[in-house]
Amino acid sequence: MAEEAKAKGNAAFSSGDYAAAVKHFTDAIALSPTNHVLYSNRSAAHASLHNYADALQDAKKTVELKPDWSKGYSRLGAAHLGLRQIQDAISAYKKGLEIDPNNEGLKSGLADAQAAASRSRAAPPPSPFGDAFSGPEMWAKLTADPSTRMYLQQPDFVKMMQDIQKNPSNLNLYLKDQRVMQALGVLLNVKLREPNAGDDMEIPEGTSTSQPSAPERKVEKVVEPEPMEVTEEKVVEPEPMEVTEEKEAKERKAQAVKEKELGNAAYKKKEFEKAIEHYTKAMELDDEDISFLTNRAAVYLEMGKNDECIKDCDKAVERGRELRSDFKMIARALTRKGTALAKTARCSKDYERAIETFQKALTEHRNPDTLKKLNEAEKAKKDLEQQEYFDPKLAEEEREKGNEYFKQQKYPEAVKHYTESLRRNPKDPKAYSNRAACYTKLGALPEGLKDAEKCIELDPTFSKGYTRKGAVQFFMKEYDKALETYQEGLKHDPHNQELLDGVRRCVEQLNKASRGDLSPEELKERQAKAMQDPEIQNILSDPVMRQVLVDFQENPKAAQEHMKNPMVTSKIQKLVHAGIVQMR
């Protein structure tokens with residue numbers, strides 16, 4: 001799922017694992033290649049790794065997919081700025097501000113880009129070393145001189161010299177390396193002193209008899225540029241945060257945590273107003289921790305201020321997305337919002353927003369508590385729908401329509417009207433009884449049995465429920481069960497002819513098995529059906545009953561003793577009716 005990969009990417013980014021974040025966002029893009037947010041997130045991850053070229057490509061794709069989204073231009077500006085494409089960065093930030101003039105991130109980015117442009121306008125001073133590092137002549141001189149020739153076999157030295165050749169100003173970075181100093185002397189035709197030599201040591205005369213002024217040149221060429229180069233480097237590097245600012249920020253965060261703890265303590269004591277005050281102060285001190293918002297939302301929820309709770313939860317989700325907060329925190333905010341929405345629901349339609357919010361929370365983090373709340377909301381919505389649809393008068397009309405179709409033997413149409421009748425009045429046993437009769441006619445015996453049992457559940461004294469259930473069981477060839485159903489019905493209506501006829505039919509079928517009048521096919525079918533009955537299976541697996549069956553075969557006297565036990569007799573009778581045991 002793209003959302004799952006995105007969540008993993010957000011979590012990796014938040015933990016500082018930018019390479020993993022790039023991987024997860026790439027996986028998400030493969031699953032959802034038109035999602036502009038995924039390209040935006042990956043651009044940020046690339047930028048954090050200083051891969052500004054890749055960040056630029058993703059930022060361009062973000063703007064292409066969603067030209068009216070200001071965040072895309074923020075990503076584009078940051079990538080251009082990282083590549084030192086300052087004018088392009090300024091243009092990108094300005095376009096973003098046209099869409100969202102109050103966006104602080106775009107304003108800050110534009111200010112940084114304009115400051116960089118101001119710094120770049122100052123022309124760099126000419127290099128004090130002239131053309132010493134330009135062209136292939138540099139490498140020829142270093143190769144020709146025995147003191148530097150061996151350095152060319154060392155990759156790190158070659159890399160440093162290539163870096164200096166590209167930008168002579170970088171020389172200041174490598175002046176501490178004795179090899180670079182030696183190479184500088186060769187290129188300038190100057191004999192530089194060893195790093196440990198004394199201040200009073202003179203340069204030997206034999207070094208260069210034709211150029212006696214060379215030693216004086218090395219002081220001017222090497223020493224003078226140092227302060228200039230250091231200043232230039234400081235301009236290029238971003239200014240570090242002042243120590244006092246860092247300290248102040250840490251103190252504010254620590255104070256915010258204390259306010260949160262005070263809020264938690266007040267919440268436990270049911271001092272809700274105090275808790276809100278503390279959480280609000282914590283938010284003012286540190287706006288990068290959304291737990292302060294979610295905690296305040298919980299207080300509003302307890303106070304019954306559901307609208308305020310929903311607003312805080314929305315803010316927490318929005319801010320959490322900006323900060324790439326832990327997905328569990330986002331899920332917590334969404335769950336609290338869903339709970340507040342469910343509490344404000346007045347009709348079944350109102351629950352739709354709550355259900356949708358709980359589902360979003362579960363996509364962030366699958367929490368059992370959230371899942372439980374979702375199930376409760378869905379059940380409440382269904383119950384309200386039934387209540388809103390409840391109309392006994394219309395239910396009666398639909399049942400009468402079903403009766404008409406039943407008389408015409410149009411059973412599917414009758415089922416349709418009985419079903420509508422039950423939607424209008426789910427407590428009507430007559431509708432269940434009538435629909436059970438339709439299902440029986442259509443051969444849908446399991447459905448018929450279910451409706452008959454519901455009919456009996458709603459009204460245990462309604463004899464029709466027993467006749468419907470007994471008929472279904474009879475057609476299913478569960479004669480012993482059908483007999484029990486008919487006999488139960490006769491307890492409530494002893495003279496009901498349908499129930500009496502049902503008893504008679506069942507006894508006839510059961511006696512066939514007792515007398516051995518069943519054909520081999522009928523016996524085999526009845527035994528197979530009986531073996532699927534859990535009650536029969538329990539009887540046959542009972543060690544006592546197994547011994548009783550053995551005694552029936554081997555010890556008739558013991559069998560007669562067993563038959564004096566009513567429970568044993570009842571179980572034996574069930575086995576006989578099922579065709580499992582035959583009496584001779």
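Glycine is treated like the rest: Cβ placed from N, Cα and C.
Because TrEMBL annotations are produced automatically, they should be read as predictions rather than curated entries.
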Which listed span TrEMBL calls region 'Disordered', if the choices are 110-134, 135-159, 260-284, 560-584: 110-134
Among ranges 196-219, 364-387, whichever one TrEMBL labels region 'Disordered': 196-219
Same-chain residue ranges lying at least 6 outside the repeat 'TPR' (256-289) that approach it to Cβ under 8 Å: 295-296, 298-300, 302-303, 319, 323
Secondary structure tally of the domain 'STI1' (533-572) (DSSP, helix then strand then coil): 34 helix, 0 strand, 6 coil
Model confidence over the repeat 'TPR' (395-428), averaged pLDDT: 94
